[in-house]
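According to TrEMBL, the feature transmembrane segment maps to B:26-51, B:58-76, B:115-142, B:154-171, B:177-198, B:210-230, B:268-290, B:330-351, B:363-387, B:399-419, B:425-451, B:480-498. What TrEMBL records for B:27-447 is domain 'DUF112'.
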Amino acid sequence: MTFRAMLFAAAVTMAATLSGASRADWQPSGPITIIVPFGAGGSTDIFGRVFATEMQKQTGWTVLVENRPGAGGLIGQIAVANAKPDGQTLGLSSTSMFAVEPFMPDASGELQPDSVDFMGTLSVIPYAIVAGSKAPFDDLKGLAEYSKAKGPAKFSSTSAQLTLAMEQLAKEIGIKFVAAQTSGSGESLQLVAGRHADFTISGGVHVPFVLDGRMKVLAHFMDERGSYAANAKTVDEQGAVLPLRNYFLFNAPKGLPADVKATLAKAIDNAVNSDAVRKYGESIFVTARNLGPEGSTKDVMEQAAVWKARLGK
Amino acid sequence: MEPASFFSELSSNLAVGLATALTLENLAYCALGVTLGTFLGALPGIGVLIAMSMLFPVTFHLPATAAIIMLGGIYYGTAYGGSISSILLNVPGTPANAVACLDGHPMAQQGRAGVALSMTAVSSFIGASVGIIIMMFFAPVIAEHALDFGPAEYFMLILLGLLAASTVSGGSPLKGVAMVFFGIALGLVGTDLNSGQLRYVFGIVELRDGLGLLGIAMGVFGVTEIVATIRGARPEPVDSRSITLKTMMPTRDDVARLWMPSLRGAGIGSFIGALPGTGSMIASFMSYAVERRVSREPERFGKGALEGVIAPEAANNAADQTAFIPTLTLGIPGSPALALILGILLIHGVNPGPTMLSERPDMFWGLVMSFWVGNILLLILNIPLIGVWVRVLSIPYRLLYPSILFFVCIGAFSVNNAVFDLWTVAGFAVLGYCMRLLGLPAAPLILGYVLGPMMEVQFRRTLIFSGGDFTAFVDRPISLTLLFVSIAVVAAPALLHLRGRLRRRATT
Amino acid sequence: MQTQHGRDLVAGGALVVFGASFAGYAATNFKLGSFAQMGPGMFPLVVGATVVALGTALLLTTVLRTWQRSAASEGPEPERADWRTLVIVVLSIAVFALLVRRFGMAPAVVGLVLVSSFASRELPLPKMLALAAGLAVMGWAIFIVMLGLPIKLLAWPL
């Protein structure tokens, strides 16, 4: 399709939506905006746009992605929590925004696990603990021994939540480390690939590095082994408890009318299970999986309870 | 590898690349991309990232190569366009073009806007060409060496950049350095990366991510200029009939000044662009500082010196090209815009990394060749457009300035969809105007703002990893070399000054 | 304060005050830490102190220069301050900021053009409205249609 044809199609869709197509179900009276509280070009943004395009195609609604980055996602998520519950504003961020962030030492308390309604998930975020392929350790136990023999391992961390999660894990396995924060996975991988840091936790950007043999997975930081490095074990398989299970998580302002919520949940489910979303998921080695409103709420609340106890707030 | 086989392989690669780049479809998307890029770059405030992410859904329906060619065109097209509003209106089209204001706008005020624009187009082309050539021959080598840059090397490089920035302003060097540090202080507002501590936020949620760069740049350059121009010494609107081909033609002197500054700028830009995360802004500032240093008449800078426009523009165009090297060969994007390009590659099932060169040579070389095509198109597109752009100056200012304000506002707003960014513009307009009255330069403030936080992060990271050992800064050859260059930058003028004094004393 | 020397004194003084409060705030509110684990306060403290030093240097050199030669005769007359224009321009941005999310881009443009044109007092009302309308159409075409930014042309606050 040409660019002009795209514009034309967009205009037609918009006109159709505005004129209020007469179907039995609830219909939005304008465009649906998915607020992604991170910058354009990030993994959430790109996956979110793939999803939004599919949802628009399936429903005929206009589905826009709006980036509202800031304060590690807090600004955009607060905007979602304060939006009108008319079904036309959705949020897309991650489990840790609700399960860990509220209990961090410096948390402002503006966002709580129950500030929003959870609408489902897009997929698990494929976290893994990775190191350069020439590193003298292959798993978490090896890393622990290395840090005891050679002094604390250098951890290049992409977020404060992940540093906390790593501390939890290190306590169990006996890893000593010093953490330096980076602004994102790209920077962390650069430090590890250049052997300036020993290891990092990355949410998917590392996959090509592992595939071409420059990095290795010490542990899959999720419930299953990523197929791109099937020989590496998960954290659980290495005898520790996974401290954080992160999903790409849909949410909406509290107080959606029941029919609106049901229609949206159905639309999300259809789009998550579409070929386009699946195909993109495969390209970043995750399985698109929707836990649904109940499943995702249960998951967030369980993890939030654990983190609340851990961080003592 | 044998040189002969290297060249035969290269020529077959180029043939594959040209065959890809010159298909009618790819050519059309390339043209669309660079045209959009130029226009969006010329609009103050509308950044490349917004343009690219809005066209993102369109790329689903395109073949991977065409999608990347189009978005790539937007990406480097904005660097071309960004200098246009810097030169004409003193409003940087993108923050990386802020340097072009320093001498570009004085040139426009002297009635030489056409020359500035045409020479900038040519030097941008030279810069981009050098960047592409480097990408063609050295991409894999550079990619591996870019990884040698650890925290200590980055710190030294930033230090060098800041020292360079303080010499950018024409006036007293003391004021320049003071503004660099003032900029660093402003850059520290927000969440501290290492500890998560909020600094100088005073309970304002939006400040947690810091003051926005675009808002600051628009405030201290664009809006300040408007305030000073409305009732100040306003140049008479240019009569549009007086704009002929002749006024756009560079003199022989201009052309003679073109080559060396462009090539120096291109060299600096290519080097810095290949390091992920540094961005084209340092490149443009550094090359401006270098031009002032090597010039026989440094006093012309800030008053419409052609070298002061073309060298930084060559640098940032070169940097935009070489920034593709770490993105494509390592999979490490240097900026959010390149992260978006990476994302599109992934959507189409292409894994960037060293394997991309061997697995998808059609795409890698097609892209490289499309850069050539795109830059030639940009040159062809921009030269005739100069006549149109210069006519902007013939619009009466009373109609022009509300329009500029509108584009500044909507541009600042659209970055994060945040009203707060508009308050930033307003606040920094006040600050910028006061600074202007006090004779304090704005350009060093911008670079201090960008580099200061990076400097802190790299400094702390070096010491965290070394356990507080300061020798980590100098125990590796690259960082040590950079330190020596920095010392030379500071010491050279002082020594020259001292020698001059001694000589004078000896003669009296 | 109409001479450049007077203004340099103001600039130096402002830098000293800013630097001192910046460094003081860091020293009292943030942890300084050690070199191996630098706290969030160390770098701001150093930066603030440097700004104080540079401001002081600016003050001293200015005073010294004034001492050496008669100040008033030096250099060109600095630019005259035009506070009225500054206030009007800043106000017009504020009006845009207040209107754009709640009422949409079109009213925000009208407000911006209306307020900002007071600065030059040369634009009759019909022309002004024509300009505002033109900009609104252009903004709609570029930002909403072409780029698809999530900005509304017109909105009603509910």
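Each Cβ is built from the backbone N, Cα and C atoms, and glycine gets one as well.
TrEMBL annotations: computationally assigned, not manually curated.
Of the two recorded stretches, the transmembrane segment (B:425-451) does not lie close to the transmembrane segment (B:26-51), with fewer than three CB pairs under 8 Å once pairs fewer than 6 apart in sequence are set aside. For the transmembrane segment (B:268-290), the partner stretch with the most Cβ pairs below 8 Å, chosen from B:26-51, B:58-76, B:330-351, is B:330-351.
Looking just at the domain 'DUF112' (B:27-447), the mean pLDDT is 85.
Taking every recorded stretch in B:26-51, B:210-230, B:363-387 and counting its Cβ pairs under 8 Å to the transmembrane segment (B:58-76), the highest total belongs to B:26-51.
Counted over residue pairs separated by six or more positions, the transmembrane segment (B:115-142) shares fewer than 3 Cβ pairs under 8 angstroms with the transmembrane segment (B:399-419), which leaves the two as not touching.
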